[in-house]
């Protein structure tokens, strides 16, 4: 499954900005239902809704919640397991990058944050662990080392593109470092579209094989087209986060992604921000032969539009064929909009003053400084 923070933000259960997962404890029915939709769409893994659930993130920039990180993580594990047991799915517990690392905290301090989270995952006996959404391979290494101490299989994904992490470490070298840290599965998630993510995983695979190491590979890209992104990915796009809808991939794009990922040797194939259950269903339908069965949700979906043969209008019935949808070039319906944007490129990374985090709410003076700085970029 994937895309929980974006999907639940659109449904009114996550706040854009902090992107924290308190809905697992605050509105469990919303998380449970989304899990069920992904399961019906064909997901083999229920990933706990624990993205950004570290205490330092939950308390960042004046955010005040009535739930602790532990309470959120416990609730998320229970929900994922409940739904996984309704089908034949695994449960993965996940940790992600921390404000503490961006602020220059020590390895010991950052690892202590990860350790608090995995205590819950071990107690709840998740099937495996994922260190996801890391812009710096160094922090991802620290996360993998902590997760590996649990004795469970560990996957690690970076939110980077072909240019490498924010310190310029290449995808191949990143992958080698993650495997040496103990990761069983390595790959890419978020920040870039499927085409870019698959390309980057290929570079990771080449690096691992060149080093004489072995790993499995995974890809969880955005469901947005991002050909105009730089090193930082879609968060630099001026449309992030509220104007991204014109970039959404179609289900036909998802068929293409699933096949290209599979052909590249990627076997953990999923999605991240922007992915909805129908996207996952398209992946599962494309790989039906490899998986051995269609997803349950296919009973309400004719393959490649075949159910359109039931439509009342003859011109719509004429679209009930694969070649029509494969050759379609969708229009945006926005005649005065550009096809691509110019990303923000502030060029700041870990330790820079602009990335120092704080418990206090962002002040008016700080916001004004950022407004002025952006206007000069």
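Using the three backbone atoms N, Cα and C, a Cβ is placed for every residue, glycine included.
Per TrEMBL, the features are as follows:
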BINDING   190, 272, 273  Zn(2+) binding site
DOMAIN    1-287  domain 'Hcy-binding'
Using a 10 Å radius around its CB, how many other CB atoms surround residue 272 (Zn(2+) binding site)?
28
Give the sequence-ordered list of residues that share a chain with residue 190 (Zn(2+) binding site), lie 6 or more positions from it, and have CB atoms under 8 Å from its CB.
132, 133, 157, 159, 220, 221, 222, 233, 272, 273
Excluding its own, the Cβ atoms lying within 10 Å of the Cβ of residue 273 (Zn(2+) binding site) add up to 28
